[in-house]
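**Q** So TrEMBL says this about it:
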DOMAIN    1-142  domain 'GAIN-B'
DOMAIN    148-405  domain 'G-protein coupled receptors family 2 profile 2'
TRANSMEM  157-176  transmembrane segment
TRANSMEM  188-207  transmembrane segment
TRANSMEM  227-246  transmembrane segment
TRANSMEM  258-276  transmembrane segment
TRANSMEM  309-335  transmembrane segment
TRANSMEM  356-378  transmembrane segment
TRANSMEM  384-406  transmembrane segment
């Protein structure tokens, strides 16, 4: 009715639909069904199994039917209004309907529907009757994917050069300095540098190869990339563990064959996880799609749809554990550095700058740049920031290693770190 209050969520059926009903009937059975699909697998389909962040708005869909008629190709489209708040900057709403003819179980499709997004709701206009919903999907079109790929490739290439320099520098210092043969900290730094170098190399090969080759070759590339990614996560966690022993625990920190045990964890634990993941046949072709469901990028990673849980557990979950542990240790070390220097050191010019430089160097070792991924839902600009800074982690590690260990190191090297090293040596003695 004209004067009736309109609810925020509503359906408008065109008059032409009822005028075209056979038999000039004055009444017809109209069914409007609202379903909650949060639990179970009903109305999920392959699109919601991609693991790319797609979801159904409020887990609800609307079904429309008129009598027992199969209504298609309406001259005037029906309207369904879904109320909602503004989507995140890097997400978009798409009106979709359930197409039971797609695949063995059906899937969501958008043919015959248009989407009009407003500040307080979205209007879906479709030319047929069936089940409808509003799909919340990430915006990552082909041009954006190409730009992010180029940024990551360039950053990884530069990082590989600096990481190779770090490894060579360690080899030279190990030959020229006797203490480098017994110290564990440089070995851990180089192990992290080596795993990061191999990860960058695997990334360049995986992105450059795309979906080329056989299924077995794609499986192998996905497994290798996954392995070195887990190695990087593990060695960043071990860096945090060593930093904890060095700066927080300090006393009773001697372990026999310490670096050998760290190496078994750093290289062996990821191998076990990859073997378990590979035995479940989780590796294969992974596809990134745009808002029109067109392919933006194909690469060998976790298989679409069937390996979502393995991806969440072995990548997202494992990263979250190592990252949170590193952040807790870094916070404790930050407190130690500032309290230790204020108690035992005479105030000197530029001391705060040295502390900040020390923390920046330690941050690169425990993977603070990886934590920028948490900010990516804020918008596309944060995605670019993450791609740039994270791909340059090797550069930051090289700068820290060079300033810390080069024979020509200046007095600007953090005195806080030196005190922590001395305290650690004294505790072992």
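Yeah, the Cβs are placed from backbone N, Cα and C, and that goes for glycine too.
Whatever TrEMBL says is automated annotation, not expert-curated.
Thinking about packing and proximity, how do these listed features fit into the structure?
**A** Taken as a whole, the domain 'GAIN-B' (1-142) shows an average pLDDT of 79 in this prediction.
Tertiary proximity for the transmembrane segment (227-246) is limited to same-chain residues at least six positions away from its ends with a CB under 8 Å from its CB atoms, namely 184-185, 188-189, 191-192, 195-196, 198-199, 202, 253, 262, 265-267, 269-271, 273-274, 314-315, 318-319, 321-323, 325-326, 329-330, 332-333, 362, 365-367, 370, 420-421, 424.
Listed by sequence, the residues of this chain that lie at least six past the ends of the transmembrane segment (309-335) yet keep a Cβ under 8 A from its Cβ atoms are 51, 226, 229-230, 233-234, 236-237, 239-241, 243-244, 247-248, 273, 277, 280, 282, 302, 359, 362-363, 366-368, 370-371.
With a threshold of 8 Å between CB atoms, the same-chain residues lying at least 6 positions outside the transmembrane segment (384-406) that come near it are 147-148, 151-152, 154-156, 158-160, 162-163, 165-166, 169-170, 173, 186, 189, 192-193, 196-197, 200, 360-362, 364-365, 367, 369-370, 372-373, 375-376, 412-413, 417.
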**Q** Based on DSSP, tally up the residues of the domain 'GAIN-B' (1-142) by helix, strand and coil.
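**A** For that range the per-state counts are 16 helix, 56 strand, 70 coil.
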